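A.B. asks: Can you keep this structure in mind? I'll have questions shortly.
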């Protein structure tokens, strides 16, 4: 923890050096806008919750600054980045729903549905592969996709940049954040990524339990055990469990995985999933295991939103996993019945598991004013 | 305060590198160190392992495929003919068939000399199992950590077999507490070869890891009975099989 903060501070130190040099060069007095507003952004102090990974990868070319994050927040909620001026990132990533939209398929400015659902942005700072198929590996790279995609905001980023440049609001904000009032596509993407990196959710009842600041009920604790137990014989005792943690890693505190899995939804794949990135036949029907943080707020579930409730999700894993789905992950074929062909959790165990999943809801996160729409009173 | 500390480190590095360059003529006085490359091939008997697409059979006749094969190797120790040993510090490696680059790695800082045997651990020592979340190869993001019970999964083999009740093979070998300790330290024969570590050249140790040896050896594993283990007595059975000959030295290349 100390090490990572030291590393961050060191990065800011490096960042400040060119800033100081620029400031010093400005004294020869040629009267540009940059000199009137010297470029000296303030490092953003990112507080890492102690039960989440203490190492973060922030690109050296885009350190977090107070000015960059604040600009990114405005851009996140800026409808000028859509062709029709009707949608922003925040349209499909709504704070009240942990930055999802409640729809099975996100709907873009032209009313056309996206083949997949909008994913939560909680703790996206730590994710090394983004979106359902891992098509992007950095937030800067990813941010362009929904802006330009025909079934999303459907506007070339270059056109969005022109619209922003014509406003009174944005040029000075870009000057403060990036040292130039001439807006560039790269700086729009950088600011959006900076804002997204601040969307940390770690104040749920589960977090407080882990940090020994709060408690869980007996039912919730039993649900946590079901979540983390791998069914099978250990030391002469048959342990019962849902083996959820193999894909939704609890050990990281993120309840997601950078890997891709076929969880036995289909025998034929309408959506190639990971294979649309890798073109490997063995990756067909594999998707990211998304974070389970705030999962009670992010219905419907799966990449195509086919399940409306958490109960339906558990019914899938417990009773309906398709063993003949090509490349189905062996972990979703485990059973609590020796020699069994279904997970076979009891109704009580399912209730416990759902009670536990609700403890991952972070009401602070969805009300945090730092993440809200700055254009709304 | 923090800035002062960082600039102190910065100047320390600056001066220490200056000191290093100015002391070049003294370098003969320092004990020489060298590096050793390790390269691992994954096989299933006589076949090369191919994830997902390869079909294999155990000597007992059970058919299977492999979708995941990864394991930890740690605590590499080299031994000279005179009995002196060198433990390579912080030598923790996660070798993953799906990540080709992970199948080669470099052990560095080894005192120069002729080494006639080596040993290493399949798994992660118990100290590191209880040290909580770690970084690098031991990062829980690698999906090899089970905080709930066993600590690290030392070897993960997943796949399918028509002999398994639900076609799933899930072998998660882990656990460091008696009586179900699955940490195994092995010393595969160098077959008379010597690993010559010098400052100027890097020899390569070519290891072969045979997936079949998880299912043969002291105990024959039949997938009708044993197809799922995550720690416990069944993991010990597989760990004992692994220790009995899963890793062999193919050859040592002097370079």
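Just so it is clear, glycine is given a Cβ too, placed from its N, Cα and C backbone atoms.
Sequence annotations record features per position, and here TrEMBL assigns heme c 1 binding site to A:89, A:92, A:93. The annotation heme c 2 binding site is assigned in TrEMBL to A:244, A:247, A:248. As annotated by TrEMBL, domain 'Di-haem cytochrome c peroxidase' applies to A:67-213.
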A.B. asks: Considering every residue in the domain 'Di-haem cytochrome c peroxidase' (A:67-213), what is the mean pLDDT value?
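C.D. replies: Overall, the domain 'Di-haem cytochrome c peroxidase' (A:67-213) comes to a mean pLDDT of 97.
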A.B. asks: Taking the centroid of the Cβ atoms of A:244, A:247, A:248 as the heme c 2 site, which other residues of that chain lie with their Cβ within 8 Å of it, listed in sequence order?
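C.D. replies: Here the nearby residues are A:227, A:243, A:245, A:246, A:249, A:255, A:257, A:289, A:292.
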A.B. asks: Do me a favour and check the Cα-Cα span between residue A:244 (heme c 2 binding site) and residue A:93 (heme c 1 binding site); whole Å is fine.
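C.D. replies: For residue A:244 (heme c 2 binding site) versus residue A:93 (heme c 1 binding site), the Cα atoms are 26 Å apart.
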A.B. asks: Do any residues at least six apart in sequence from residue A:89 (heme c 1 binding site), in the same chain, have a Cβ closer than 8 Å to its Cβ, and if so which, in order?
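C.D. replies: Counting only residues 6 or more apart in sequence, the Cβ neighbours of residue A:89 (heme c 1 binding site) under 8 Å are A:75, A:76, A:77, A:81, A:143, A:146, A:192.
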A.B. asks: Please count the residues of the domain 'Di-haem cytochrome c peroxidase' (A:67-213) that DSSP assigns to helix (H, G, I), strand (E, B) and coil.
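C.D. replies: Helix, strand, coil within the domain 'Di-haem cytochrome c peroxidase' (A:67-213): 70 helix, 6 strand, 71 coil.
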A.B. asks: Determine which residues of the same chain, besides A:89, A:92, A:93, have their CB within 8 A of the center of the CB atoms at the recorded heme c 1 site, and list them by sequence.
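C.D. replies: The answer, listed by sequence position, is A:76, A:88, A:90, A:91, A:94, A:99, A:101, A:118, A:121, A:146.
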A.B. asks: C-alpha of residue A:92 (heme c 1 binding site) to C-alpha of residue A:248 (heme c 2 binding site): distance in Å?
C.D. replies: 23
A.B. asks: C-alpha of residue A:93 (heme c 1 binding site) to C-alpha of residue A:248 (heme c 2 binding site): distance in Å?
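C.D. replies: Cα-Cα distance, residue A:93 (heme c 1 binding site) to residue A:248 (heme c 2 binding site): 21 Å.
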